[in-house]
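A.B. asks: Have a look at the structure that comes next, please.
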Amino acid sequence: MEAVYLVVNGVGLVLDLLTLMLDLNFLLVSSLLATLAWLLAFIYNLPHTVLTSLLHLGRGFLLSLLALVEAVVRFTFGGLQALGTLLYSCYSGLESLKLLGHLASHGALRSREFLNRGILNMVSNGHALLRQACDICAIAMSLVAYVINSLVNICLISTQNFFSLVLALWDAVTGPLWRMTDVVAAFLAHISSSAVAMAILLWTPCQLALELLASAARLLASCVVFHLTGLVLLACVLAVILIVLHPEQTLRLATQALSQLHARPSYHRLWEDIVRLTRLPLGLEAWRRVWSRSLQLASWPNRGGAPGAPQGGPRRVFSARIQPQDTPPEAEEEVIRTAPARGREQLNEDEPAAGQDPWKLLKEQEERKKCVICQDQSKTVLLLPCRHLCLCQACTEILMRHPVYHRNCPLCRRSILQTLNVYL
C-alpha cells in the first residue's frame, strides 16, 4: 500500500511539475507575444505620435505668439485711446471756454438790446395805447351801426315777405274762381252761338231760370259770407276771452300747436317754397336791371354817346328787360364779371372828351357814384377787407348768394369776408 501510495504521490508530483512547466511556458510565450505586439504597435504609431506632438507643439507656440501679439496690440490701443481721451478732454475744455466766451458776449449783447428795447417800449407805449383806444372806439361804432342796419334790413325784408305772401295767397284763392267764371262764360257763349233760335224761343224760361240761379247764388254767397264773418268774429272773441281768462293754458296750447306744426315735414317744405317764391321776384328784378345795364353798356360804342346819353335808351332798356328771364346762370355770372370792365373801359374812352365840358364832367361824376354792376343804384355797400365802395344793396345781396369761392370784389377780385353799409 505504501508503494502504491508513493507511486500515486510521484505521479501527482510529476503532474504538478508538468503543470508548472506549462504555466511558465504560457507566461513566457504570452509575455513575449505581448512585447512583440507592443513593439510593433509602437513602431507603427511612432510617426503619427511624433507628428501629433509636433503639431500640438506648433499650435501651442502659435497660440502663445498670438496671445502675446494681442496683448501688445491691446496695450498699444489702450494707450492710444487714453491719449485720444486726454486730447478730447483738452479739446472739450477749450470748447467749453470758447462757449463761455460766446455766452458772455451774447449775454452782453442781449442785455444791451433788451435795455434799448425797454426804453423804446416805454417811449412808444403811450402812443400805442392811444391808437388802440381810438381803434376800439371806431370798431365799436362800426359794430353798432352794422347791428342797427342789420335790424332795419331784417324788419324791411320780413315786411316785404309778409306782403308778398298775402298777395300770393290772394292770387291762389281768387285765381280758380276767375278761371271757373271764364269757363262758364265760354261754355254759355258756345251754347248761345250754336242754338240761337232755341235761345230766342226759350228766352223767357231761361231768363227766369238764370235770375233764379243768380238770386240763389247771391243768397248762398251772402249766407256763406255772413256765417263766415260770424264764425271769424266768434273765433276772435273766444280767442280774446281765452287769452284774458287763461293766458297760461292759451300759451301752452299755442306752444303745443306750433311744435306739432314744426314737427310736420310738409310745413318745412311749404315754408321753403314760400321763401323761394318770395325771393324769385327780387332776383328776377335785380337780374333784369343787370342785364339791361349790360346791354346798354354794350351798345354805347354803336350809339357813339357818353354814359347817360338819352338816345334811344329807354326803349332798348325796356325791350331788353323782357328777355333775361331765360338766361342761364353762367350768362348772368359772365354779365356780372364783364359789366364793370366794360363800364370802366367806356368811361376811360370818354374821359378826354368829358374833360372839356363841365356838364359831361358832372355826368361822369354821377356815373362814378353808381354801382359798377347794375350802373343804376348808388354805391352804398363797403366790401371788406379790400375796402372798395363799388356795389349797391341789391347787387350785394345777389353776389352774397353765390358760393364762398365766387364772392369776389369786382375791382380787385379779392375774397369778400364782410360787407358794411355806408350812408353818404
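Just so it is clear, glycine is given a Cβ too, placed from its N, Cα and C backbone atoms.
Annotations per Swiss-Prot:
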TRANSMEM  24-44  transmembrane segment
TRANSMEM  60-80  transmembrane segment
TRANSMEM  157-177  transmembrane segment
TRANSMEM  183-203  transmembrane segment
TRANSMEM  224-244  transmembrane segment
ZN_FING   371-413  zinc finger
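Surface or core, plus neighbours and distances: that's what I need for these features.
C.D. replies: Among residues of the same chain six or more beyond the transmembrane segment (224-244), those with a C-beta under 8 A of the stretch's C-beta atoms are 250.
On the 0 to 100 pLDDT scale, the zinc finger (371-413) averages 87 in the predicted structure.
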A.B. asks: Can you name the far-off residues of the same chain, 6+ from the ends of the transmembrane segment (157-177), with a Cβ under 8 Å from a Cβ of it?
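C.D. replies: For the transmembrane segment (157-177), the nonlocal Cβ contacts are 274-275, 277-278, 281.
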A.B. asks: Give the residue counts of the zinc finger (371-413) per reduced DSSP state, in the order helix, strand, coil.
C.D. replies: 11 helix, 10 strand, 22 coil
